[in-house]
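Colleague: If you scroll down you'll find the structure; I have some questions about it.
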Amino acid sequence: MAASDGFPASFYGEPGVLGMLSNGISAFLVLLQNFNTAHSGKAPVGVENILAGVHLILIGGLCQLVAGLLSFRKYDHLSGTAFIGYAALWGSYGATRIYYGALSENPNMVSSVDQIMNNSSNIMMSNTSLNDSMKCYLCLSIEESAIAGLVPYILLSFLLAFCSATVNYIMPFVFGAITATLIFEAVALAADSWALVVSGVLELLILIFTIYGSAALLIKGLTQRLAMKGFGTPLFNVLLLGTPNSGKAQSGGQEKKKNTKYAEPMALGFFCDSIAPFIFAFYSFGYMKSFGLGVAWVSIISVAQLFSSYYAHLRQDCYHTTKFGFHTTYWLIKAWDEFVVSVLIVEDSKVVSGRQAMLGDWFFVVAALVLFVGSLNMDVLELIHNLLFVLLTVSTVPQIPLQGYYIFFGVACSLFTAVSIYGTFTRLINTIAEKSLIPVGPQPVSSEQLSRALRCRSKQGDQDVLPQTDQTSDALFYLSNGVAALSALHSRSMSMNPSLLHLTIPWLLISGAIIQAYVSRLQVTGGGRFGSVISSIYVVVWATWTWFRFAGNQLQLSTEADYGFTAGAIAFLVINAFLILIAAYRNLVLLFLTTLMEVVLVCFLLSTLHKLPYELEIAMLALVSLVCIYGTFASLINCIFSQRVLPMGPPLIKGKMNSEISLELPCPVVNSRLSSGLLKIAGLLEEGGVCGIPTDTVYALAASCKNPQAIEKIYNIKDRPAEKPICICISSVEQLVAAKPPFSPLLWEFMRNVYPGGISCIVSKGDWLLQLGVGAAYDRVGTRDSIMIRVPDHTVTCHLCDITGPLAITSANPSGEPDSTHHSMVINRLGNKIQGVLCDGDSNEVVASTVVNCLRIDEGIISILREGCVPAAKVQQIFDRVKSTMPGRSALSVSL
């Protein structure tokens, strides 16, 4: 749908409206409860608290999460981080309200909790004592847990308020009011009810500020101008925060091509790494008596961190995909581990005996060292952060005596929290400014030095370049399987230890099933030939293993149920045989892993028949863990350098596959360097087909403007929203000149300076498009009043346009997924839906073109609707240079 000035609504959608309203409405809900409590002297109980908690989760949590995800897609670092962070806050606070309501509904059980906590001898929960189980579950330490969660949010909310002052002067008041509110909410939990009144007044301010901010953003989106003050003008210039050395580039050693399609998720990852360890520090130092509510706070913030890993994957950043996915795995496992210890197991001797038999923590230690090595070519801040995470994993090794375990863990969490908070601040400010204003330190080791130190290949293989997206999630795949395998390892003597069985369940279920299910989702979008087949099957394998080997003993499964698992184990053996065949097409490391898993599944089958040789199972699980450690290390390093630095082994049946692959391709594939190939694609386009073609940025889907039905196919192929228009591609500016559009001299001069290249210009529609050759597709490209024009700096694409006439193009990827940067990605993801692919190898960029609105250029205004491969600053420089050559144009400007 077009706006009044011809823009598609999708170009200027404002998720900030949803994000701000979610904060305002959530604050209003808490305000009502606070004022009622202060007035009546009675705190809300029962269903009232439960309903309030559900509303906070739905409105402040889920709605604001959507706003944060949309903000990341708009390349808005600050809003994406803030909205997802606050979504976790309101979700956690809603969970706290639900806990309050659940406890007040059972007053008799509350009194029994106090008896349990004061019983010096403690008790051990038995399988048959459900009443004791419920009583132990209610040992929640609600006030202490809520305060432990609120304090880090206070610090981070203050940082968000400060950082937002460099962008506009509405968000600082909203985030500042939230910060002050959190302070008095924490005081109200710890002291008297007077703080509730102050908190209520501040929540009223939040509501007022968010209503005004939402209205300002909504009007800005509808009119494409700043009708209400507050946005577009910062309280102070972010460049004022610069240090004397801030102009020096500080290499991250990771992304060699700028990716501006999605906002950088690093600040969100550090944000989440500040909350979880802070809560653990409070618990470790004895402030929280139970982790019953703490597990909810840590689990919710861990889910938020998983989104930072996901957006790193969309940015084709394998390092941060792995790092934040790894941290999420660690926080979730430790949270539920402590929940089991503090709520389900209350006897110290049982905790010690169960933990000492577990080995999963050692995999975390080694994996943390792998991440540390992988960050040697980044900045000092990243290196210190990873080094402290190594310390953190060492502090939770279960073989440490219980007397020093929690002190060591608490100190490590405190240090890690401090560095994470600083990292949140630096990543936010530096991404807003798009330069290193806050010091993060130099690159400890150059990329070349690290590559040479790690390289295990001959010179002949040094240039063996990898497709980046095929490797992004591989390290996390090996990591999740390694943790699961080492966690499942235990001896015969410990197989019936109830404490061990309780403690092992979260380790296996979270790493092997939950996180691996997330990895499976990443592999679906990665464009790999076999997608997520292996990871999806192993999700089921580890979930079934957990159910039978650990939860099964607790549930006292019958012999008949064991035979059901026997049938399942046989099915797994057959399926895994096919996975071995798939792995043979990939590399030797994956082949070794799937082969070892076949033996592990044999052990699982024998365990269902009660004939398990424990020694064989221990050996196989240990080997799986070793293979996964190497797979994690090699995949991560190879992906960071986009080369095969560490060997993974060649595909075992690569030769056979090459001879048959042409018969298996889902669509015709031709070489861009052959004239016959170009003519074949041109013929397919003329016949009404949709084809994948290379451009000067990323691969695109193309349809001839002579065939309107082909353009409609593109929407179905991509699942592209109908309101998103499609642009046209031509070979040169001279084609436009021949069509005689009524463009001003300024617009002509600007186009001659940006074409050909990675910039798309939006101009007014008119009958001149018919002269250009758009023909019957006039109503199906662009909007009612405007059209976006591309002139790519790519010989093949331009020659194709000369043959076919104007082409309707859009990026060759399913809507919302990463752009295709290699023809293999187009074939794998869309090959079954299109009529041909013009193969040209790796693309020149990792993101699409920069979109410039030129509809009001004669009024002195152009605006950047999407910053792509050409930076906005460069567009402004071109425009400034052009307008300086035009008489009477000194007042022209660029609106970003």
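Here the Cβ of each residue, glycine as well, is placed from N, Cα and C on the backbone.
From TrEMBL, here are the annotated features:
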type: DOMAIN; residues: 675-870; note: domain 'YrdC-like'
type: TRANSMEM; residues: 50-70; note: transmembrane segment
type: TRANSMEM; residues: 82-100; note: transmembrane segment
type: TRANSMEM; residues: 145-163; note: transmembrane segment
type: TRANSMEM; residues: 170-191; note: transmembrane segment
type: TRANSMEM; residues: 197-219; note: transmembrane segment
type: TRANSMEM; residues: 266-285; note: transmembrane segment
type: TRANSMEM; residues: 291-312; note: transmembrane segment
type: TRANSMEM; residues: 357-376; note: transmembrane segment
type: TRANSMEM; residues: 406-425; note: transmembrane segment
type: TRANSMEM; residues: 563-582; note: transmembrane segment
type: TRANSMEM; residues: 588-606; note: transmembrane segment
type: TRANSMEM; residues: 618-637; note: transmembrane segment
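Describe the structural context of each listed feature in the structure shown, including burial, neighbouring residues and relevant distances.
Modeller: Tertiary neighbourhood of the transmembrane segment (50-70): same-chain residues 13, 15-19, 21-23, 25-26, 29-30, 33, 44, 79-91, 93-102, 300, 307, selected by CB-CB distance under 8 Å and a gap of 6+ residues from either end.
Residues of the same chain lying 6 or more positions beyond the ends of the transmembrane segment (266-285) and with a Cβ under 8 Å from any Cβ of it are 77, 80-81, 84-85, 88, 144-145, 147-149, 151-153, 155-156, 291, 294, 297-298, 301-302, 304-305, 307-309, 311-312, 320, 323-324, 327-328, 331, 334-335, 338, 385, 392, 406-407, 409-410, 412-414, 416-417, 420-421, 423-424, 427-428, 431.
Within the chain, the transmembrane segment (291-312) has long-range Cβ neighbours (under 8 A, six or more residues past its boundaries) at 61, 65, 68-69, 72, 80, 84-85, 87-88, 91-92, 95-96, 99, 137-142, 145-146, 148-149, 262-263, 265-266, 268-269, 271-273, 275-276, 279-280, 283, 318-325, 327-328, 331-332, 334-336, 338-339, 341-343, 476, 518, 522.
Within the chain carrying the transmembrane segment (357-376), a Cβ under 8 angstroms from the stretch's Cβ atoms is held by residues 319, 322-323, 326, 330, 333, 382-383, 385-387, 389-390, 392-394, 396-398, 444-445, 450, 454, 479, 482-483, 486-487, 489-491, 494, 497, 500, 503-504, 507, 511, 625, 628-629, 632-633, 636-637, 640, all 6 or more beyond its ends.
For the transmembrane segment (406-425), same-chain residues at least 6 beyond its ends with a Cβ under 8 Å from one of its own Cβ atoms are 81, 152, 155-156, 159, 163, 266-267, 270-271, 273-274, 277-278, 280-281, 284-286, 381, 384-385, 388-389, 391-392, 394-396, 400, 438.
Proximity of distant same-chain residues to the transmembrane segment (563-582), defined by a Cβ-Cβ separation under 8 Å and at least 6 residues beyond the stretch ends, is recorded for 530, 533-534, 537, 540-541, 544, 548, 552, 591, 594-595, 597-598, 601-602, 604-605, 608-609.
Sequence-remote contacts of a segment are chain residues at least 6 beyond its ends whose Cβ falls under 8 Å from one of its Cβ atoms, and for the transmembrane segment (588-606) they are 478, 481, 485, 534, 538, 541, 545, 548-549, 566, 569-570, 572-573, 576-577, 579-580, 582, 612-613, 616-617, 620-621, 623-624, 627-628, 630-631, 634, 648-650, 652.
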Colleague: Can you tell me which recorded stretch out of 170-191, 197-219, 618-637 has the most Cβ pairs within less than 8 Å of the transmembrane segment (82-100)?
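Modeller: Answer is 170-191, with the largest number of Cβ pairs below 8 Å.
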Colleague: Could you tell me what the rest of the chain brings near the transmembrane segment (618-637), counting residues at least six beyond its ends with Cβ under 8 Å?
Modeller: 318-319, 322, 363, 366-367, 370-371, 373-374, 454, 471, 474-475, 477-479, 481-482, 485-486, 488-489, 491, 589-590, 592-593, 596-597, 599-600, 603, 645-648
